[in-house]
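Colleague: I am attaching a structure below and will ask some questions about it afterwards.
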Amino acid sequence: MKSVNKILVSTSSSLSASFLKSSYSHKAIVRTPYHVVDPSPWPMIMGANLWGVAAMFICWVNQISFDNLYWGIPLFVLTFYSWVRDIINEATFQGFHTEKVQSGLTLGFILFLISELMLFFSFFWAFFHSALSSSVEIGCCWPPVGLECLDWSKVPLHNTALLVASSASITLSHHYLQWGDIWLAAATYIATLGLSVMFIKNQYEEYAWSSFSISDGVYGSCFFMLTGLHGLHVIGGTCGLLFCFIRMMLLQFSSEHHVALTLAIWYWHFVDIVWLGLFFIIYIWGSQ
């Protein structure tokens, strides 16, 4: 009887061992190149924060008091920081951003740039429509009667030189990073940030000196919508470059793995190309 019990115990132990071995074997683990994201509270919280920011903007436009909505700004900053922190941990320290994930991120960013291009295209369409078929209300001419346009050879030309130079310097910084020279990459990167700040300063001063405003007919509306929207993109691009610069100084980028920096540089080139269109169409052709 004891021998039978020993046989049964040994058989059951061997079966359980083989079952555990087969369950936790290399072949049983499902492997995928995609990143299955863990449940996160940040999308819902960010949605609520964006609702608060949008409500503040609507109240500001309609001159309504929005003292009770100031909570949206600090919560937005805190949520954005927490969300980006999680993404950095997943990409840099946990290694979840495989080549397949990087390819998906790149494709998504390209689609985002196309949507941004369509946004600018809509306002360019409005400008061309008003310029090529001027109505009676604006004097059947373009620019409208009584409107003094800005001289393209002064601040706009200076801003063009600044953006073109910044595009060249950030490209050079990217090449230095790929070559493994972190200090030259940092030096040219700082030059890019300085040029972008100078552009924002010049744009602000141009608005302050302008003899017309956004309420001065269709020309003022198109001019300030296009240049103002582009200025917001410059500010956003500068913040993105500054964020990537901090990560580069913390040695979170290598010569082979720096997807975030590459996408930020693409965005900056996009801003530069849009400005060239603004310069030649709005400042030169549209002001004659």
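Even glycines carry a Cβ here, placed using N, Cα and C.
The following feature annotations were taken from TrEMBL:
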type: DOMAIN; residues: 30-287; note: domain 'Heme-copper oxidase subunit III family profile'
type: TRANSMEM; residues: 41-61; note: transmembrane segment
type: TRANSMEM; residues: 68-84; note: transmembrane segment
type: TRANSMEM; residues: 104-128; note: transmembrane segment
type: TRANSMEM; residues: 182-200; note: transmembrane segment
type: TRANSMEM; residues: 232-253; note: transmembrane segment
type: TRANSMEM; residues: 265-285; note: transmembrane segment
Colleague: I'm checking region-level scores; what's the whole-number mean pLDDT for the domain 'Heme-copper oxidase subunit III family profile' (30-287)?
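Modeller: Mean model confidence (pLDDT) across the domain 'Heme-copper oxidase subunit III family profile' (30-287) is 88.
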Colleague: Which of 41-61, 68-84, 232-253, 265-285 has the most Cβ pairs closer than 8 Å to the transmembrane segment (104-128)?
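Modeller: Per the Cβ under 8 Å count, 265-285.
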Colleague: Which residues of the same chain, at least 6 past either end of the transmembrane segment (265-285), have a Cβ under 8 Å from a Cβ in it?
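Modeller: The answer is 109, 113, 116-117, 120, 124, 127, 150, 152, 156-157, 159-160, 163-164, 166-167, 170-171, 174, 192, 222-223, 226-227, 230, 233-234, 236-237, 240-241.
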Colleague: Grab the same-chain neighbours of the transmembrane segment (68-84) for me: Cβ-Cβ under 8 Å, and only residues 6 or more beyond its ends, written as numbers and ranges.
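Modeller: Long-range Cβ neighbours of the transmembrane segment (68-84): 40, 42, 45-46, 48-53, 55-56, 59, 243.
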